Amino acid sequence: DSEGGLYVCMNTFLGFGREHIERHYRKTGQCVYLHLKRHVIEKVPGASGGALPKRRNAKLFLDLETNNDLNSDDFEYEDEAKLVIFPDHYEISLPNIEELPALVTIACDALLSAKSPYRKQDPDSWEEELQASKHAKTLVQLDNGVRIPPSGWKCSKCDLRDNLWLNLTDGSVLCGKWFFDGSGGNGHAMEHYKETGYPLAVKLGTITPDGADVYSFDEEEPVLDPHIAKHLAHFGIDMLQMQVAENGLTDNDIKPRVSEWEVIQEAGVKLKPMYGPGYTGMKNLGNSCYLNAVMQAIFSIPEFQRAYVGNLPRIFDYSPLDPTQDFNTQMAKLGHGLLSGQYSKPPMKSELIEQVMKEEHKPQHNGISPRMFKAFISKGHPEFSSNRQQDAQEFFLHLINLVERNPVGSENPSDVFRFLVEERTQCCQSRKVRYTERVDYIMQLPVAMEAATNKDQLIAYELKRQEAEAARRPPPELVRAKIPFSACLQAFSEPSNVEDFWSSALQAKSAGVKTSRFASFPEYLVVQIKKFTFGLDWIPKKLDVSIDMPDFLDISHLRARGLQSGEEELPDIAPPIIIPDDPKALDIDDSSVMQLAEMGFPLEACRKAVYYTGNLGAEVAFNWIIAHMEDPDFAEPLVVPAFGEVASSGAAAFGGVGLDNQPPEEMVAIIISMGFQRDLAIQALKATNNNLERALEWIFSHPELEEESEPALDMMNMANNANANVLAETGLEGPRIKDGSGRYELFGFISHMGTSTMSGHYVCHLKKEGRWVIYNDLRVCASERPPKDLGYIYFYRRIPS
């Protein structure tokens, strides 16, 4: 509250604005609060050129922070702190050692001296002052004639072209492995150091006239090299000629791929900023653009707007004592920030005049900073909790999973994405078939590279690229493959081979084919272009293609038809689970692992899924992944268990009903002893991964479920298969779907720039009020040239019939 400041409960240390503090007091009975208020003294130029103080209130500790730079020399602070005793609002100014008990004084001092949690999460606060390397002055450089070209670099031991490091002793260009900047690689730079002892390396792409990123393998930390210009000149690099762009790539790097970075971000075009409700930007917290792009698209959908922003008063009223750990509260708060318009206001006319008079332009600091939302939604997830770049498609599925597990009232907004897929599997030898259905939220379209319409240009480009690489010249201008959308749709509908297919008709492995059709069409169709794949060396690669995505899409011809006349079904017999004498010798089917990894799941999770499902194919392993996405060790490396553990893992993988699927009985008993029904206790524990404290908060935040707990438990008991977490709380009939016409209109897309999901940048384009708008983190502008052919994830809404 910019006027009322912040009230901090001295018992729970939770902070509240002025409008919520009374409710918290009535709800908890806590009566002692620390009232914090900050006044910003803004220096206004005086008549004589000096600065006069101008006092105004400051916004304190809010998650929906605007991005005002209050750390500049133009501002000073004056803080005010009081103890407030409810219900009489009796105030005690601080410090006041004489009147307050020692314990209260100590608590107040500790709270006032503590750092804001947002400052703790800010990557800038982690940076320490770099020290000069002890090797810089005496570094020996080999006179081996090595000269480094201005671009076209790649690791000398693999084909990686990202995260490359130049060894300052012998001029070797090698890839790194999770150095201090968070980039990934195969670790060849470190291996080279261990073999040679050459201590210093500079990251290619960070060299500017002002310096470069230097790492010392011996000192195991980033360092300063006071002689960096001399050391680089030894290999023919002139620092004065090197410039770095905003995205961290040199101008020479960008040139071959100018069309991707510049076209997607619409660089070079004067874009008109957009303001008001629905046009609010989001701050990039350090590789969090994937989250920003997905949430902008999510909150452009009316069902999500109604569920969270429309129910905001009710969600806040029923929020738990610690709202920072409640999914619905965080979603409502973020949605309000994006849709209210409070954080997207045009500059005042006086501010524009002041900028002109000062002959300077200060960017408008609109937008919100979703630190608390990211901290909560990524908690416990090995990938999203890091500061590394992530796959937007994987985050979308993670978000939908959390929406499914945290219902808000009777409406589940994720219903609009859910659809049923009918899969027809046929044994090629017996010709018998099996029809199954599964739930999905994304239509994944393969890229039909063989259907490119500019094959001659692609061949010529590849020859020029190889010649330039051999001659160590800059690569030629990129030629992008042009793929017809109709070819991708055709590839989706064609039969695909089933790896390691076990035929129940033959009681043996056989050749099998599978086709997929829509058993229902969703209200909103999410289409992912499968641009990311893996090479033979398991290095993730991106297919840089242009696809003519249609504004209007009709997939009615992909409607499932079910068992046809003359078809004979495969017997309903499960394949035998064979456990080898030596479990550690079990082979893992690499083709199934690759299929799953191409969907965006972590590689180690894919390996575990294939292992624990006995190499029965990617389809069965996919079900295992869906059922175990929330496991704490989901993306951890596979650890082969002992013999006795394999059988239990296999049973769990197929969703067998047993003690492992039930919450611990002692936790159930504790919740029952508090007066809650057994079925509600089990439901709460399952929804919170058997965390007792979170389960209690879950019960208090879902009072409407107390009367509905029996049907909900029946539904959860039905979920004795690998899709249990998807089917939960959707009704006894199975997953709720919103079937209808298969005709759609495009209203948004998310684009990716970069070579893999581990790097690059995401941007979102949305069609609002009849025109396209680009959401590039904090920058929200009217789009002039929406790059619909370069998108990664597309959002379509159903056209009413």
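In case you wondered, yes, glycine gets a Cβ from its N, Cα and C as well.
Feature annotation from TrEMBL assigns domain 'UBP-type' to 131-239. Summarising the annotation, TrEMBL assigns Zn(2+) binding site to CYS155, CYS158, CYS175, HIS188. Look at TrEMBL and you will find 280-799 tagged as domain 'USP'. The annotation active site, nucleophile is assigned in TrEMBL to CYS289. Annotation comment: TrEMBL describes 587-628, 662-702 as domain 'UBA'. Under the heading active site, proton acceptor, TrEMBL lists HIS761.
Annotated features, which come from TrEMBL, shown on the structure.
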{"residue": "CYS155", "record": "Zn(2+) binding site", "CB count, 10 Å": "21"}
{"residue": "CYS158", "record": "Zn(2+) binding site", "CB count, 10 Å": "14"}
{"residue": "CYS175", "record": "Zn(2+) binding site", "CB count, 10 Å": "26"}
{"residue": "HIS188", "record": "Zn(2+) binding site", "CB count, 10 Å": "21"}
{"residue": "CYS289", "record": "active site, nucleophile", "CB count, 10 Å": "25"}
{"residue": "HIS761", "record": "active site, proton acceptor", "CB count, 10 Å": "22"}
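Here nothing among the binding-site residues CYS155, CYS158, CYS175, HIS188 falls inside 10 Å of the CA of the residue listed as 'active site, nucleophile'. Of the recorded residues, HIS188 (Zn(2+) binding site) and HIS761 (active site, proton acceptor) place their C-alpha atoms 25 Å from one another. The domain 'UBA' (587-628): residue composition by secondary structure is 29 helix, 0 strand, 13 coil, according to DSSP.
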